[in-house]
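Chemist: Quick one: the structure is below, and I'll ask about it shortly.
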């Protein structure tokens, strides 16, 4: 299961590491709720289920609304909305399995069996990769649109069908990226004989565990973020050149085409996921003791990454006029 970010160091142990989406990969001898964290923070036992429940409820309702509106409204059949739809599906799937995290936390054991353990861990890890890669797809699409507009060119190849194909490729890539975690996922008994859902690596466990962190960090953050940084740096350079050589008309038109919605979704995604991956770097490079402060920071970072799954619908409602209009129409139809 996804747990605290694991800011604590990696200790040598023969037990499987707790399951996680990559945030809570602390190297210890149990889950986050029994052996991982001692009892000096009993407030977490009450607070975490409340936070997770709010995220789950808001995320399920919000993403379900996004999916229904985009599928039913003719005006929402655009390239950008294809990517938004897939991002909502990914976030919705994650919030759908979040109750298992809540149940595990309250029961302090895994009660759901091997099959559901593998499924939940797979969806957990899918959320890491799918979120960032659909954000990247939206940003790359916006980059190409701005460049084409600035050059007064059309984009006949930019179609909804191609966006669907690109989305399918993202899902296939994410599935391949998650397969290694699915292979090692399973139910085990920790040293306290408590049933847990986690990742069971072969020996040497420490090396495998470190490799899993690096794998998630590189594929789930470094590669897509470096790509986006290069693209946006190139975009700024080109727009600056247009201002110098082509006059303000093309530049103004290009600026108008920059989608505030895409930039806002990207910014929120980075805000929610950057601390998550920075925590992985800290865990790989330092050996922090399991102090109350480290435990609290770990859970805060984990909860922040969870929050990304429920914030996007609010951005669409505030920044996307067509989405607001279609949502109001759908609500009126339901009321009638």
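Our numbering is plain: 1 for the first residue shown, then up by one each step along the chain.
Just so you know, glycine gets a Cβ as well, placed from its N, Cα and C.
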Chemist: If you check the topology given in Swiss-Prot, are residue 122 and residue 240 found on the same side of the membrane?
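Modeler: The record shows them split across the membrane, with topological domain names that differ.
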Chemist: If I go by Swiss-Prot, the feature transmembrane segment sits on one of 12-34, 81-103. Which?
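Modeler: So the range that Swiss-Prot calls transmembrane segment is 81-103.
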Chemist: Cβ neighbours within 10 Å, counted over all protein chains: which one of the disulfide-bonded residues 117, 197 has the most?
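Modeler: Buried the deepest by this measure is 197.
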Chemist: What does DSSP give as the helix, strand and coil breakdown of the topological domain 'Extracellular' (280-293)?
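Modeler: Helix, strand, coil within the topological domain 'Extracellular' (280-293): 8 helix, 1 strand, 5 coil.
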Chemist: Just give the helix, strand and coil counts over the topological domain 'Cytoplasmic' (69-80), going by DSSP.
Modeler: 9 helix, 0 strand, 3 coil
Chemist: Over the topological domain 'Cytoplasmic' (147-165), what is the model's mean pLDDT?
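Modeler: When the pLDDT values over the topological domain 'Cytoplasmic' (147-165) are averaged, the result is 80.
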